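Presented below is the structure to which this report refers.
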Amino acid sequence: MRFFPSKWYDRNDECGKQGMIMTYVFIGSGGIVGSLLRYLISILNEFYFMQDVFPFGTLVANLTGAFLIGIFTRTFTENEKVNRTLVLSIGTGAIGSYTTMSTLSTETIRLIDHGEMILAVLYIVISLIGGLAASWFGYFHTYRKVRI
């Protein structure tokens, strides 16, 4: 079983150059939505939690994003009736920009730099194991045959 069908990446398909441009526009639009949601979580994190102690905002974004991509992958990537531009827009654009590995890395380095080695290790472990668990839960507990 392939994660993504290879036909999604065929540049010589029937959509042509204009279709490819629209695919890029939709992926970018999804990216805008995902990054704005991520920014909202950052604002809420600063308001409700002390960012200097533990990076809850990034952890929440990455765990919920892993859960969403699990649901999304199971539901839409194997359904040939779903438009590939929609799949790429949501998966690559929105969820891809919502989650953030680079921020996780930077915040881990910041924790280490501030002498918080235990919190840094805890953050990595929770992020990786929690992300895998959230993705697994979303993937395996989503009904496979969605009618579209």
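Cβ atoms are placed via backbone N, Cα and C, with glycine included.
The transmembrane segment feature in TrEMBL is assigned to 21-41, 53-73, 85-105, 117-140. As annotated by TrEMBL, Na(+) binding site applies to G96, T99.
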Checklist line | Recorded stretch, among 21-41, 85-105, 117-140, maximising Cβ pairs under 8 Å relative to the transmembrane segment (53-73) | finding: 117-140
Notebook entry, point to check: Around G96 (Na(+) binding site), how many other C-beta atoms are within 10 angstroms of its C-beta?
Noted result: 18
Next item on the list: Can you check which residues sit near T99 (Na(+) binding site), meaning Cβ under 8 Å from its Cβ, same chain, 6 or more apart in sequence, and list them in order?
Entry: R38, A61, N62, G65, A66, I69
